[in-house]
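Annotated ATP binding site per Swiss-Prot: Gly12, Thr13, Ser14, Leu15, Asp16, Gly17, Ile18, Asp19, in sequence order, evidence recorded as sequence analysis.
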Amino acid sequence: MKSGRFIGVMSGTSLDGIDVVLAAIDERMVAQQASYCHPMPLQLKKDILGMCQGQSTTLSAVGKLDAQLGILFAEAVLALLAKAGLTAQDITAIGCHGQTVWHEPLGEPAFTMQLGDNNRIAAMTKIATVGDFRRRDMAYGGQGAPLVPAFHHALLAHSTERRMVLNIGGIANLSMLLPDLPVRGFDTGPGNMLMDAWIWRNRSLPYDKDAAWALSGQVNQPLLELMYSDPYFAKPAPKSTGREYFNAGWLDKQLNKIPGIKPEDVQATLAELTALSVAEQVQLAGGCERLLVCGGGARNPLVMSRMSTLLPGTEVCVTDDFGVSGDDMEALAFAWLAFRTLSGKSGNLPSVTGASCETILGAVYPVSSR
């Protein structure tokens, strides 16, 4: 496949909405043409959170959520098409990540589960859909994540400059784009996830806008050291994690050991945990000249400021400055991965995921007619 118009659909660990993006893609270029964020119904968000955090469930509940998410993703695509004034005939394919409800890369056997029925997406939109990207990498011994570093490399790598790309969603993940070295990438730990959970519990707000609440508090050093002593942070790459590990229950276990901390100080400490866990990994890799940040966390001035302070000599900037929307990066990546799949080309990087080989990712859900 030489070129086409693709739609990427992403619902990440932050659960702050369905990101949908339209892009013209060929071998040399990814040109974003439109984007849209579709709301996530509150009850559906609660259902996802319950499943992600290990609450008991049933096959019926899993099947129902899979169908509901497929319908929601299709509605999001149709809303983007209406906004852009396009029809199904204008689109080559959809790349849909799905909603991760469980990720167990070190299980015996390892597995990952993303919900959102791709059959329904293809049927409702009348557009061929590519989905289920992660499990093929796992079948070859990889962690199934992260997959976005391959896209970061295609778009943002430089021949001489040491660059790293940091996506701060619910989980923070880092792509190391170092000249003459294999691409590496992994989840550094929590991004916005714990901060969002804490402010929701204490102030009924979905996120800490402009880090206003965190800025009103102070870092609690004993709590920071306790949280950072979690074995995940010292684990070597390849590694990946998610809400099934870093969640409100994990935070409560830490807080129970050091009771009486002011809520705003907890928030400040969680922001510091995100910044510190990223900065440590950047330094361990020998540093970089530019750290390009995307995702919702790029709008957190405290996290951005702290990373700049912890990384002297590194320019901490946003991917928007380099022509790639930070809000749409992951959705763009899955549009690009759909292009790679339909072109018969690999989408994973074994140096990132630990897979035994490069492989074409995902499954294709065609439409019989439009």
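Counting begins at 1 with the first residue displayed.
Every residue, even glycine, has its Cβ placed from backbone N, Cα and C.
Here the features listed in Swiss-Prot are placed on the structure.
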residue	record	CB count, 10 Å
Gly12	ATP binding site	25
Thr13	ATP binding site	25
Ser14	ATP binding site	22
Leu15	ATP binding site	21
Asp16	ATP binding site	19
Gly17	ATP binding site	19
Ile18	ATP binding site	26
Asp19	ATP binding site	26
Reduced DSSP state (H/G/I helix, E/B strand, rest coil) at Ile18 (ATP binding site) is strand
Around the recorded ATP site (Gly12, Thr13, Ser14, Leu15, Asp16, Gly17, Ile18, Asp19), other residues with Cβ within 8 Å of the Cβ centre, ordered by sequence, are Met10, Ser11, Met40, Gly169, Gly170
By a three-class reduction of DSSP, Gly12 (ATP binding site) is assigned coil
